[in-house]
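Down below is the structure, laid out as structure tokens.
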């Protein structure tokens, strides 16, 4: 099974991805997580450090692909999860998307995909064009991480449209949404009412999840010294169980940008108390479409 995780930048994809990878491993799967971001920090909470990237390895081999072996680019992480980071060119130079595409090609040539029960791609932000869309060409499922805010759902909708396009020629299906960093899901509910899709899980809004990223540990590792966090791990295990059940998945309905904007902006601007009204209007700044 190949799973591509997308979502708005900064929504917590990498933290969520690492915990899902551990949960899948705890359920008996052999898991490979591939970080598809030039920042190369997707697997940080699995390894505790920034592992060498594909681009680092290729540079050291003078870009002779035939000299690269699996052990050169695949690194062991916590809980038996194997880790790869695509990396990318220096900031402001070159194309990170190209590196992601080349990473997928290299791993295919190394037959790495056939060695694992689950391959999880953790993909940069909400970019679904060029090389950053490459994981969608190979994935069985896409999982979108979102919160209950306009920005994240706007990005989720754009990703959903891309999944629909890819599904025309690939086996790709949307498994559903995972809510993160939110205690409310009223806007998520409103979105899925218009664009039906499963809500796989809503993760608890607790500081420990954010802190885990800073510590370089998954929640599963943190629970070894903080047993009170075990209930959080159950949420990730639930996601793993749903994915391992091989859900049918869906091809999302296309909601054009302007229609989506109208849908959620109406919710933001509906009569509510002054404090929430002011906050919601701030959230809408920058989204007026001509």
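Yeah, the Cβs are placed from backbone N, Cα and C, and that goes for glycine too.
TrEMBL: automatically predicted annotations, no manual curation.
Per TrEMBL, the feature ATP binding site maps to 10, 11, 12, 13, 14, 15, 39, 180, 181. Taking a C-beta cut-off of under 8 angstroms and a sequence separation of 6 or more, residue 14 (ATP binding site) has the following same-chain neighbours: 35, 37, 41, 42, 43, 44, 45, 122, 213.
Per TrEMBL, Mg(2+) binding site is recorded for 14.
Annotated [4Fe-4S] cluster binding site per TrEMBL: 95, 129, in sequence order.
Around residue 39 (ATP binding site), the same-chain residues at least 6 positions away in sequence with a Cβ under 8 Å from its Cβ are 124.
Of all Cβ atoms in the protein chains displayed, 14 besides its own lie within 10 Å of the Cβ of residue 95 ([4Fe-4S] cluster binding site). Cβ neighbour count for residue 10 (ATP binding site) (all protein chains, 10 Å cutoff from its Cβ): 11.
Listed in sequence order, the residues of the same chain lying 6 or more apart from residue 181 (ATP binding site) and placing their CB within less than 8 Å of its CB are 11, 12, 147, 203, 205, 209. Taken over all pairs of the listed ATP-binding residues (10, 11, 12, 13, 14, 15, 39, 180, 181), the Cα spread reaches a maximum of 22 Å, rounded to the nearest whole number.
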